[in-house]
Each structure stands twice: as C-alpha cells, then as structure tokens.
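Residues annotated as active site, proton acceptor in TrEMBL: Glu424. Taken from TrEMBL, the feature FAD binding site covers Thr138, Gly177. Per TrEMBL, domain 'Acyl-coenzyme A oxidase N-terminal' is recorded for 17-132. What TrEMBL records for 278-435 is domain 'Acyl-CoA oxidase C-alpha1'. Annotation comment: TrEMBL describes 481-656 as domain 'Acyl-CoA oxidase C-terminal'.
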Amino acid sequence: MEGVDHLAHERNKSEFDVDAMKIVWAGSPHAFDVSDRISKLVASDPGFRKDNRSTLSRKELFKNTLRKAAYAWKTIVDLRLSEEEAAKLRFYVDEPAFTDLHWGMFIPAIKGQGTEEQQQKWLPLAYKMQIIGCYAQTELGHGSNVQGLETTATFDSQTDEFIIHSPTLTSSKWWPGGLGKVATHAIAYARLIVGGREHGVHGFIVQLRSLEDHSPLLGITVGDIGMKFGNGAYNTMDNGVLQFDHVRIPRNQMLMRVSQVTCEGKYKQSDVPRQLVYGTMVYVRQTIVADASCALSRAVCIATRYSAVRRQFGSQNGGPETQVIDYKTQQSRLFPLLASAYAFRFIGEWLKWLYADVTQRLQANDFSTLPEAHACTAGLKSLTTTATADGIEECRKLCGGHGYLCSSGLPELFAVYVPACTYEGDNTVLLLQVRDMSCKVSHEDCFSAGVQAVQQETSRYNSLYDSSRAFNAMSLRCSKSALLEAFEARAARMSVACAQNLSNFDNPEEGFAELSADLVEAAVAHCQLIVVSKFIEKLQQEIPGKGVKQQLEVLCNIYALFLLHKHQGDFLSTGCITPKHAALANDELRSLYSQVRPNAIALVDAFNYTDHYLGSILGCYDGNVYPKLYEAAWKDPLNESVVPDGYHLYIRPLLKQEIRTARL
Ligand SMILES: CCCCCCCC/C=C\CCCCC/C=C/C(=O)SCCNC(=O)CCNC(=O)[C@H](O)C(C)(C)COP(=O)(O)OP(=O)(O)OC[C@H]1O[C@@H](n2cnc3c(N)ncnc32)[C@H](O)[C@@H]1OP(=O)(O)O
Ligand SMILES: Cc1cc2nc3c(=O)[nH]c(=O)nc-3n(C[C@H](O)[C@H](O)[C@H](O)COP(=O)(O)OP(=O)(O)OC[C@H]3O[C@@H](n4cnc5c(N)ncnc54)[C@H](O)[C@@H]3O)c2cc1C
C-alpha cells in the first residue's frame, strides 16, 4: 500500500482553499515560501535525521547534537542563507541546542543592553560564531526572584576591572542552556558593587572557556547539571552550573546601555528605565508565545490525522467501524485544541508586532509602552504555554495506547515542551505581573489612587454588565461583539472583585499576598480576553481564498465558546449570561464541531508540516499508520536479538527455579 494516501477521502471533503490557508498560517506568501523551502531542505537531508534520539545514551545524544549544530551552520554558510532562512533551518532541525541560547538570548541581550561600541565589538564575533554565548541569570538559590541573585561584580578602580565572584553555593549559576559544555562566553547577571555601594543586578560579558582548547579560564568552574525529564527530549541541551572565583573582566564588559560605571568609579544611570535590564526576557517571552502555536499545532496535527485513521466500534452489517474522530467526545477534546493553535498563531503575530513597536519607541526614547509590553508578554507567555503543555498531553490521550509510544512523537514533544511553563519565568510568577493590561488590579492602583480606581472600574463593569444584557441566544450564535463583551465583563468583574478585596487590607503587600490566587485568575481572564479580541480583529482583515475566512470564523467561535463553557462559573456570576445561555453555548459548540469535522484534516494540512518535522508515525501525511508502526517496532534495539541479553543470567534461572544459586 506504499504511496497510497489513506487520508485522501478526508482531504476531498474539505470546503476551503488549503493553499490559501497555508499562507494565512505562515503569515504572508513570503513567510510561506521560506518556511516551505527550508522545511523540505531539512527533511530531505539525512544529516538532520532525528528518529533515533530516544534510544541514544546522553553522551551519544549530546555529541550528535553538536554534529547537527555544526552541520546546520555549514549548510547555512554554504547556501548563504539569510538570517530569516537560517532561523527557520534551526527551527526545522528541531533539536534543542546551545545555538538556541546563542541566537535567542546572548545576541539579543547584547543588542538590547549593550552600547553601540559594545555591539560593534561583540556582535560580529557572535554572528560568525567565533564566540558562542549563553545567558547566565538563574542561580541555584534564585530564579524567579532576580533581585535575589547573589553573584557579585565588584569594581576595582585600580585595574579598571570588575571582579565577578560567587560568594556562596547558592550563588552558583544553575540552568543556563549551552553553559554546561559549549559556551565560550556568558552574559552573567550579578549585583554591581561600586565603591562599596550596591546598585542592583546588571549584565556582564564574561569569557568562560579558552578559544584555543576550550578549557575553563582561571577562576571558572563549569559543567552540566545532569539528566532532565524524558529520554532524548531536552537532554540534547547542556544546561550548566558555573562558579566564579574572583574572575576579572575589563570594565567595558559590563553591558552599559542602561547604566554606566566610569573609570573613576562613578555609577551613572541613563534616562532609560532600569527595567530594560530585563528586556531580553520580554523579547524571548514574545518568541515563546509564537512557539506555543507551533508545538500545539504539531500535537494537534498528529492527533487529528490519527483520529481519522483510527476506528473503534460501530461496524454495521460488517462495514467499517467508526473513525474515532466522529465521536463527539473526541471532537469536543480535539477541536478546541485545533482552534487554540490558530488563536495562538494570531496572538503570536500580534505580540511580535507589539514588540517591534516597543523596540522602535525605545530607540526614540519613548518608554511609555514598556509596562504594557512586559505585562502582555508575561501573561500571554503563561497562558499559551500552560494551554500548550496541557494540550500536548491531551493529544497523547486522544491517540490512545499508541500515543504513548515514542514513535508517536508525542512523549518527546511533551518532554521538550513542558519546561516552557517554567523557563523564562514560572507561569504563576508571570501571571502576578499582569497588572497593567486592560484594567488595573494592583495594590498600588487601589492604594495610591485610593477608592477612585475601584469606583472607575466598578462603573466600567456596570456599563459592561448593562450592555451585556443584550446578549441572547441569537447574538451568542452570530455576534462576535456580544461574545467579546461577555469576555470583557468577566475580566472586569474579576478585577473589580480583586480591587475591592484589596482595599480591605491596611497593608497592601499583605493584601496582595493573601489574594494572589484570585489575582492570578483575573490575569488569566484578561489574557483570554486579549486572545479572543485579537482573533476577532484578525477576522476583520481581508482574508483571501475560498472558504478560508469562514473556517477561521468557526475556529474563533469554538475558541471563545469553549472557554466560555469551561469557565461558565465566572461568566454566570457576571450576570451577563444566564444558565440558559450557557446551555445554548454548549449546543452551539456541538454544531460548530460538526462544521469543523469535514475540514479537520485540511485544517491541519494547512500547517504545512513535513513528516520529518512532525516526527510521528501516527501523524504521517499519508495516514499509513499500521505498517509503519509494525516496521518501527522491529527496529527497536531490543529486537536486535530474538533472545535478550540477560536471558542466561536472569530469565533462565527463574524458569529453572535456580534463582538462589544464580549470581545476581
Ligand atoms: C528549545 C528549542 C525550541 C526553539 C524554538 C524557539 C522558540 C522559543 C524561544 C526560546 C526558548 C529558549 C529556551 C529557553 C531558555 C530559557 C531561558 C531562561 O529561563 S532565562 C531566565 C529567565 N528568568 C526569569 O524569567 C525570571 C522571572 N522573574 C522576573 O522576570 C522578574 O524578576 C519578576 C518576576 C518580574 C520580578 O518582579 P519584581 O516586581 O520583584 O521585580 P522588580 O525587579 O522589583 O521589578 C520592578 C518593576 O519592573 C517591572 N518589570 C519586571 N520585569 C520587567 C520586564 N521584563 N520588563 C519591564 N518591566 C519589568 C515590574 O513589573 C515592576 O514594575 P512596577 O510594579 O514597579 O511598575
Ligand atoms: C529547561 C530549562 C532551561 C532554562 N534555561 C535557562 C537559561 O538559559 N538561563 C537562565 O538564566 N535560566 C534558565 N532556566 C531557569 C529558569 O528561568 C527558572 O527555573 C525559572 O525562571 C523559574 O525559577 P525558579 O526555578 O527559581 O522557580 P521558583 O521560583 O523556585 O518556583 C518554585 C515554585 O514557587 C512558586 N513561586 C515562586 N515565587 C512565587 C511568588 N512570588 N508567588 C507565588 N508563587 C511563587 C512558583 O510558582 C513555583 O511553583 C531554565 C530552566 C529550565 C527548566
């Protein structure tokens, strides 16, 4: 049956122009072209094989990652790929590696926090990979609390140097990717001490290893922190530990865009806000949101294709059994994830725009939108990574037993993805930063602006409450604005409740701590509101291609109504929907699932993923799942011999009741 498309009948059912949807997913015809070309290039090159990762030992795995990274770089140079194409190539190679931190954090940190002069010195070296950098912020004792970092950078005016030192065990840098075995340089974050005075945490460029023989420089102790969750998975990355023993670096290796230390030992603060020291995190959080749609769409693609292949029960008169995708329960678990993948794609696009806008303003010394960018990236990073990690696991379950096989691709995808809920800011800690979005809920707002803020929010809430009365069964079905109002009312109500409760505390900090779980829920409601509203905005644009807009309308409604259904307690207590409306929302969802059903395979085809990138037998394009599963099983190292190693030592003595005399 080789070459037969087992999903052809599904593809024939689709009611929209898949090629046009591919462009919408990619973002533009140009982005589609780059993505399509580079994904095929990677897929067709045996140098980028990845099907054996879960069977390799850590050392073999890591060496193979080094080989692939070097091979990827050679390909980039030989083919003279542009920056955009090179980034796509690394993406499709699909193996976490030191290069992610070099390109994703080290270079952006220098760009964002370095002076012109520093950029001119370090960036050309980094762009040519003549130095390899990592981002060394987190320590053994502190990750979330950046202000609690203990590493020190003490200025020595005699030698015009900083002395970087790890004063305690807990000050050891711990976790930075690429640090363990590869990076030659780090952006190390340390408390700046000048003339005996402390000035908070700043970034420093520190060389770690010799550029000649890769040995650690004097005063540097460095290594890998050990195996992480899952086989293969994130173990291709050398997350590292690092201690400094009075390591000296020249003064001009402090990143000095935000503040400077002069050779006389004067500390000077620029006009730019101090928070820019955290700017790299804002940048990476924004890319992580875009990445969430990639990871979720990948899992959804696998689960959707397999659900169309898999049949259980329901045979009539000896005919075929029911495709599991036709079960309403399967649809109610799978299609909201499909809709979420699209929703996250569009929110990722919007956040990219927001970040570009902030960057442009920063260059013109306009810092006004920085708090919003911080709150949005923090909140949306949290929302999308949590939903994606949960969604990947749900996709595994949607694939039944076979989903648990490594050859389904889902266990590894899950293991690689889950740390996204932790890195670049723990998701709960980040939700507590969501204060400056569409409404104010922080203790400062309540206390500095006093009851006025609460009153304003209350009247805003009341007006939403009133207008939402118009929300009826018909509007639920047809009107995006009614849906949006429901989300606004819910978010506003939760914020107002928090603000009112906060105002009952004499001590704001105490109130903030006591009510933090409610604040987190309000933050989630705000983030969901933003995702829904940006999806609706996307639909207001012109979207070419037969039936494409209609499909996106359906997905947008599913995303919003699914959340409304899931969180109906919040929505009901706003009073803007009644229990009857909640039930209608549920009926509407069922009808929307029926509309998605014939288009489901085409909607995942629109992601345009190669079989190489998907790395899943269950999700392969042609749906020829069973022969491939059968063939893959026999390739497992355990099947290299019919009788396993260890038979004579452990099985035979058991069977022969000789276990007491066996040498175990
Ligand atoms: C893997 C292969 C896949 C390839 C695909 C690529 C796509 C994915 C891309 C990259 C993946 C890379 C791999 C991951 C690598 C991981 C790296 C890391 O994890 S690096 C370490 C990250 N660490 C953190 O995120 C720490 C979290 N903590 C914090 O951010 C902060 O300390 C805090 C929680 C915000 C602290 O809050 P606190 O209020 O105590 O802080 P203060 O310092 O007092 O803040 C004062 C005011 O500043 C505001 N603030 C805080 N942060 C920012 C910011 N970033 N920007 C702007 N403003 C900020 C804060 O809100 C306070 O404001 P006010 O209340 O005073 O108004
Ligand atoms: C795979 C991976 C790669 C990483 N790569 C890097 C890297 O390249 N460079 C780097 O510098 N770091 C890196 N990190 C570190 C990462 O950024 C931190 O682990 C992350 O910021 C979380 O901090 P933490 O470990 O201190 O968690 P903790 O803050 O100790 O969190 C533990 C628990 O406490 C809770 N908690 C903490 N503070 C609060 C609070 N104020 N209110 C309520 N609850 C709270 C959290 O929600 C969580 O449940 C990486 C981590 C991982 C897992």
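Yeah, the Cβs are placed from backbone N, Cα and C, and that goes for glycine too.
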*Go ahead and report the DSSP secondary structure tallies for the domain 'Acyl-coenzyme A oxidase N-terminal' (17-132): helix first, then strand, then coil.*
90 helix, 0 strand, 26 coil
*CB contacts for Thr138 (FAD binding site) [other CB atoms within 10 A, all chains]*: 18
*If one looks at the chain holding Gly177 (FAD binding site), which residues at least 6 apart in sequence have a CB under 8 angstroms from its CB?*
Pro96, Phe98, Asp100, Leu101, Cys134, Tyr135, Met237, Asp238, Asn239, Gly240
*Which whole-number value in Å describes the distance between the Cα atoms of Thr138 (FAD binding site) and Glu424 (active site, proton acceptor)?*
10
